Amino acid sequence: MAAVGEDEHSLPEKTGPSEEENYEPPPELDMEPQIVTSIPQVPVAAPKPKPRKAPDLPIFERRNWLIHLHYVRKEYDSCKSLIKEQLAESGGMCEYAVYVQALILRQEGKIQESLEMFQTCTLLNPTSAENLKQAARSLFLLARHKAAIEVYNETAKISQRDWEISHNQGVCYMYLRDYAKAKECLKQALAFKRHEISYVMLGKIYLMEGDINSAIEIYKQAVEYSPENPDMLCTLGLLYMQIGQYQKAFENLGNAMTYDATHVKAIMAAGSMMQTHGDFDVALNKYRIAAVKTPESPTLWNNIGMSFFGKKKFVAAISCLKRANYMAPFDWKILFNLGLVHLTMQQYASAFHFLSAAINLRPKMAQLFMLLAVALTHLEDPDNARQAYEQALTLDQKDPGISLNLALYMYNNGQKKEAAKQFKDFEMKMKVLKATNPNAGDPEIQDVASKLAAALQVGDSMLWKQTAQPPAPLPDQNSNTVQSTPSDNLDETEVKKPFGSVPDSGPLPPPPQDPVGDLDGGRGAPTPIIPPYSPYEEDRTGSRLESEPTFHPPPKADSLPPLTGGASFKSGALPPLGYPIASGRTEPPDLDNLPSPPRDSLPSYSEAISEKKKPEMEPAT
């Protein structure tokens with residue numbers, strides 16, 4: 001039997017762990033099959049975390065919305081209490097709370113305190129342009145214009161092409177009277193962004209320089225930008241009136257009243273134009289509309305008084321003018337008109353009183369001294385009257401009316417040689433006036449000059465006999481077209497324009513004139529007259545844009561109410577009213593023996609019912 005030996009294919013007995021069992025192949029040599037797929041594995045999304053609590057705002061910012069809400073509602077007390085709590089909690093580090101507190105202080109008139117608060121805001125946030133703007137604004141309100149300009153220059157480095165900065169710089173330069181830089185800044189502001197207020201300030205600077213034509217061009221651009229602004233239209237109309245282009249003035253004033261039928265400034269200007277043409281009833285209708293909005297306007301009552309004066313209602317005129325004088329006691333134009341009305345009514349003492357008050361307010365107005373000389377002449381004070389005439393000649397060397405009045409005064413006092421000398425001065429001044437303006441000269445002045453020349457046997461040229469052209473006719477109240485007369489500044493075509501509820505009128509009123517008597521002896525001696533005078537002749541800085549009293553011509557001398565009873569004009573006393581008796585004497589009646597009233601039999605009720613004839617009503621005037 002063969003022995004069982006070890007087969008070569010048999011496995012040895014396992015007596016312990018062998019090296020093969022302890023061998024571990026490396027991962028890259030792992031023989032296990034790998035599953036490769038073409039679709040990439042999508043990473044599993046991480047679970048969403050639970051929502052956290054909203055982040056808390058910093059303690060010094062969380063109440064800003066409530067502070068803003070109270071401020072825009074103008075609840076300043078609640079706003080200040082919140083600001084106080086906010087600043088206490090934040091230690092004064094809340095920028096918005098400090099900003100709003102500064103705005104509230106400015107509203108209360110505490111400008112210096114508001115400036116300090118805005119400076120604090122600038123320290124908290126030095127890159128904020130709004131903080132610097134508000135600080136500069138406070139400096140401007142404190143009239144520290146140079147410091148405000150410096151702050152605006154620093155602000156312009158942060159905020160470029162800002163029209164507000166350029167505009168405010170222009171206003172500051174205007175108050176510093178540096179008009180060139182002011183115009184440059186305002187034009188730059190308009191280049192950045194067009195605003196009405198920039199146009200207004202730029203036009204105002206041109207008016208302060210006396211350049212009315214440039215101001216008109218600026219306001220024309222403003223009207224193109226804002227064609228429905230009645231203030232712009234009215235201002236443009238007033239500027240056209242100032243340079244004598246009444247047709248364009250009429251058009252712009254009519255457009256202004258189209259958009260606002262109760263625009264006071266336009267109504268006053270249109271009413272003044274109507275007074276020039278003698279249409280006092282329509283002017284009073286206009287003033288009635290303006291009185292609803294401005295019943296306390298002294299200018300309005302002055303013009304109402306002069307309208308009554310033009311209608312020869314002297315008592316009503318004095319009443320209205322004295323009401324205007326009560327509202328504006330230091331307005332020399334109202335005192336001028338009061339003196340004129342009293343001169344027309346031959347109340348020379350009252351005229352002297354008002355003219356003296358006007359001279360105290362305007363001591364360099366030659367026409368006031370001339371009127372005072374007229375009053376002193378009738379008050380039998382020739383020495384002071386002569387001094388007043390000389391003072392008027394000293395103040396105004398170009399007015400021909402002063403020389404003519406002085407010539408009349410000397411002629412009435414028998415000084416014919418000096419009267420002839422003054423009359424020659426009048427001729428020379430009239431010749432210069434006619435050379436500059438052929439339509440200059442008042443017909444009444446020309447008429448008196450002709451009579452005085454004949455009395456003195458002087459005056460070869462007779463320049464005053466050239467009659468001036470009448471003013472442009474008033475438009476038809478039932479039509480929307482205005483016919484303009486040929487002139488240097490007017491077009492000959494029709495101008496159609498919209499109207500408001502009240503029609504408009506023509507140019508400014510001419511100056512008042514004193515009634516003139518005949519060149520006869522005694523009481524018929526010529527009375528000094530008042531020459532044409534423009535109240536805006538000395539003030540060319542644009543103040544005429546404001547509502548000012550206007551002057552209008554008085555009625556003729558023959559329209560004055562006659563005074564009966566043989567009273568002397570020189571004495572100034574009127575006789576007491578008497579009761580006419582058949583014999584011609586004036587005695588008080590016997591109250592005990594008065595005749596009984598007539599007893600007419602009244603008709604019966606049936607007769608009254610059957611009566612067909614009724615009294616006719618007079619038409620309303």
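The backbone N, Cα and C atoms fix where each Cβ goes, glycine too.
A TrEMBL annotation is a machine prediction, not a hand-curated record.
As given in TrEMBL:
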- 1-12: compositional bias 'Basic and acidic residues' (COMPBIAS)
- 1-55: region 'Disordered' (REGION)
- 18-31: compositional bias 'Acidic residues' (COMPBIAS)
- 196-229: repeat 'TPR' (REPEAT)
- 230-263: repeat 'TPR' (REPEAT)
- 332-365: repeat 'TPR' (REPEAT)
- 366-399: repeat 'TPR' (REPEAT)
- 466-621: region 'Disordered' (REGION)
- 476-488: compositional bias 'Polar residues' (COMPBIAS)
- 537-549: compositional bias 'Basic and acidic residues' (COMPBIAS)
- 609-621: compositional bias 'Basic and acidic residues' (COMPBIAS)
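Taken residue by residue, the repeat 'TPR' (332-365) breaks down under DSSP into 27 helix, 0 strand, 7 coil. The DSSP breakdown of the repeat 'TPR' (366-399), given as helix, strand and coil counts, is 27 helix, 0 strand, 7 coil. On the 0 to 100 pLDDT scale, the model's mean across the repeat 'TPR' (366-399) is 91.
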